[in-house]
Number of protein chains: 2
Amino acid sequence: MKITKPRGTRDFLPEDMENRRYVENIIRDVVTKWGYSEIMTPTFEHLDLFTLKSGDAIVGEIYNFTDKGNREMALRPELTAPVMRMYVNEMQATPKPLKLFYFENCFRYERPQKGRYREFWQFGVELIGSRQADADAEVIALAMSILNALDIDGKLNVGHLGIIRYILKELDIEQQSQIMRYVDKKDDMGLDDYLDNINAPADLRRNLFELIGISGEDAIIKAKEITGSIPELEAFRKIIELLDAYEIKYTIDFGIARGLDYYTGMVFEIYAKDLGAQNQICGGGSYQLIQLFGGGDVPSTGFGIGFDRIMEVCRKKTEKPASVMVICTEKTRLEAIETTMELRKIMPAHIDLMKRNFKAQLSHANNIGTDFTLIIGERELQAGKVTLKDMKSGNQETLTLKEAIAKLNEY
Amino acid sequence: MKITKPRGTRDFLPEDMENRRYVENIIRDVVTKWGYSEIMTPTFEHLDLFTLKSGDAIVGEIYNFTDKGNREMALRPELTAPVMRMYVNEMQATPKPLKLFYFENCFRYERPQKGRYREFWQFGVELIGSRQADADAEVIALAMSILNALDIDGKLNVGHLGIIRYILKELDIEQQSQIMRYVDKKDDMGLDDYLDNINAPADLRRNLFELIGISGEDAIIKAKEITGSIPELEAFRKIIELLDAYEIKYTIDFGIARGLDYYTGMVFEIYAKDLGAQNQICGGGSYQLIQLFGGGDVPSTGFGIGFDRIMEVCRKKTEKPASVMVICTEKTRLEAIETTMELRKIMPAHIDLMKRNFKAQLSHANNIGTDFTLIIGERELQAGKVTLKDMKSGNQETLTLKEAIAKLNEY
């Protein structure tokens with residue numbers, strides 16, 4: 001009976017995994033140098049956690065199930081809610097700010113399509129406990145620093161929800177949310193109709209369209225002409241000043257709405273110049289979830305990077321370490337095992353496991369692409385020698401084992 | 001609303017994760033040097049995959065669910081079946097033997113108890129395509145080599161199911177399975193009753209109890225007195241000879257049954273001397289699943305290591321790299337950001353994100369345990385200097401930034 005993998009999921013072959021681990025390690029190195037620490041949460045959570053954060057509508061896109069104890073569970077669709085839950089349960093007493101990162105898989109039930117999978121990987125950062133511009137700027141700079149380390153050309157858009165919310169402050173929460181959704185989709189027609197529907201005041205309508213149309217160098221000045229001096233704009237100005245200190249290039253866009261109601265202030269999105277339509281690879285901002293989850297009034301800022309999309313654009317490939325296969329006969333096998341064990345102290349080393357003859361062993365070494373073979377024939381063994389063969393050039397020389405190891409150690 | 005983590009699962013704090021990643025990397029280094037390659041399969045599979053391998057009874061211990069497309073899915077309870085499924089679907093044409101490893105989470109629904117979790121981590125190896133003693137011996141030696149690299153004192157028991165099955169060959173499959181279960185549980189009383197029940201011949205009964213009671217140096221000779229010269233015993237003798245070449249210490253135990261019907265030949269178990277009752281940390285053997293999953297008659301050998309148990313016994317702890325916090329005032333902040341970015345090229349570096357004053361910043365550095373602080377005061381900045389403070393000794397000196405970086409680079 002032939003069984004397939006579940007639709008929309010993937011098996012990763014060795015060459016996939018090598019590249020994925022390589023890229024993962026580059027990211028780990030960057031965040032560690034920025035002083036962030038890894039945490040890990042369970043793969044499934046109580047369904048409540050995600051509906052509390054995102055509303056009941058999210059259930060339609062979630063892998064949820066009733067466990068054998070009759071509890072409603074969900075495979076996590078994202079990691080911000082689990083990290084905030086973990087913070088509330090276990091880390092409230094830790095010195096602030098907490099600088100955390102995660103690298104985990106997430107799940108969503110949706111129609112499988114190119115580049116979208118039902119199980120996918122997210123790398124992300126959550127900086128908990130600071131409401132300063134410094135925190136917002138650091139998080140953005142860290143995201144850009146990761147992409148930089150991966151040689152990915154990322155285009156950064158930064159905005160601030162406080163400014164658009166200031167313009168909408170006369171409307172009720174439901175109207176604000178609805179407008180944010182149109183803004184997020186860049187659906188100007190839909191937005192226009194909706195504003196008609198709710199009889200939005202003319203100046204609100206004018207200010208809103210002006211604000212989301214702002215771009216270029218003097219974006220903050222233009223915004224100030226609309227809103228006047230408000231604290232949100234001053235906070236945003238400080239973030240921008242810090243981004244300059246980090247030498248980060250950005251585009252200001254007050255039309256970023258992120259489509260998620262729990263963002264409170266700065267929001268940003270990074271697009272990969274090399275990807276097609278679905279070219280957002282990172283998104284984040286500052287948000288407030290901890291109170292909702294039963295903790296104190298603690299602000300946080302974070303981002304998520306879609307690791308699978310990163311793997312599509314990242315041209316960095318791992319360089320395999322040089323490897324060797326020890327070739328032996330039945331009579332030299334025990335010595336060959338000993339030699340293989342010596343070699344495994346310094347490099348990946350294979351030995352025949354199929355009772356193949358000499359020629360078939362060499363052919364296998366060629367098939368699996370080892371860089372060297374180290375041949376232990378019967379005559380060689382008697383003379384206390386081995387033959388080291390460079391599989392690329394075909395060159396070979398007869399050496400003592402010690403000499404051969406010294407030679408291999410240079411690679 | 002306060003939400004907890006699901007019962008029987010865990011959140012991992014930064015210090016947990018650091019040690020877990022450290023141990024994981026030691027294991028990765030060993031298997032890579034042995035020439036094994038990582039693969040990864042989806043977190044959930046069609047439920048069929050696991051019932052086909054282990055029978056319908058396993059459903060009671062599995063996290064299974066019906067997805068939105070009405071398919072029966074299961075969070076994987078183990079990884080051998082997924083790896084074999086992946087082999088059948090995608091790797092049949094790869095040169096043999098395939099040397100694969102995985103490091104992933106698994107799930108089981110059972111009463112939570114000390115040291116047993118509903119989500120747990122397995123490291124494992126599957127060597128596909130060889131029916132030689134060499135493959136069996138390599139897999140055992142690799143498992144021991146991993147434990148050795150972790151300074152874990154593992155006690156290895158090795159057996160061979162072919163020998164006990166030879167003694168039971170007159171019985172039907174159901175009877176054989178039942179007997180293997182009693183043997184696996186070391187339930188001699190239950191076994192005795194069952195043999196009575198099925199009216200087992202007296203010589204079968206005598207041979208069986210003699211075989212599972214064998215121990216010590218001349219175990220193979222003693223077994224031969226019971227079974228005579230059979231190919232299974234000769235195969236086992238070859239494995240033992242190879243284990244000697246690998247300089248592995250072992251105890252022969254023909255009573256290892258592993259409780260799983262798909263094992264065919266060599267079986268082994270490794271116990272940690274430091275653990276209590278549940279002290280098995282590794283188990284494996286040679287088995288046949290590929291045909292069952294729709295592939296060819298391809299033998300395989302593998303093992304799984306319980307990573308959570310490993311973390312209980314492994315005394316190896318990561319040594320944190322030296323870290324630094326840059327201390328600044330509001331007037332030196334932009335320069336401090338630049339300096340922090342320089343430091344992040346060489347070590348984990350923090351900068352204040354809370355607009356704290358000088359003293360509070362130093363106190364935070366102390367709280368989070370950075371090894372150094374690099375102080376950029378206003379007067380220091382004017383003089384082109386910084387103060388480098390060793391937080392352990394309290395010693396501090398005034399240096400140029402270049403000198404300070406050179407000094408930190410030594411750590």
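Placement of Cβ uses the backbone N, Cα and C atoms for every residue, glycine included.
The shown structure was predicted, so the numbers you read here are calculated from the model rather than taken from an experiment.
Record check, TrEMBL: L-histidine site residues include A:Glu78, A:Leu79, A:Thr80, A:Gln122, A:Glu126, A:Arg258, A:Tyr262, A:Tyr263, and the candidate from A:Arg108, A:Arg111, A:Arg237 also listed there is A:Arg108. Secondary structure from DSSP puts A:Glu78 (L-histidine binding site) in coil. For the binding site of L-histidine, formed by A:Glu78, A:Leu79, A:Thr80, A:Arg108, A:Gln122, A:Glu126, A:Arg258, A:Tyr262, A:Tyr263 according to the record, the largest Cα to Cα distance is 21 Å, rounded to a whole number. The Cβ of A:Arg258 (L-histidine binding site) has 19 neighbouring Cβ atoms from other residues within 10 Å, across all protein chains displayed. Ranked by Cβ neighbours within 10 A across all protein chains shown, the binding-site residues A:Thr80, A:Gln122 are led by A:Thr80.
All protein chains considered, the CB of A:Tyr263 (L-histidine binding site) has 23 other CB atoms within 10 Å.
When secondary structure is read from DSSP and collapsed to three states, A:Gln122 (L-histidine binding site) falls in the strand class.
With a 10 A radius on its CB, A:Glu78 (L-histidine binding site) counts 19 other CB atoms from all the protein chains.
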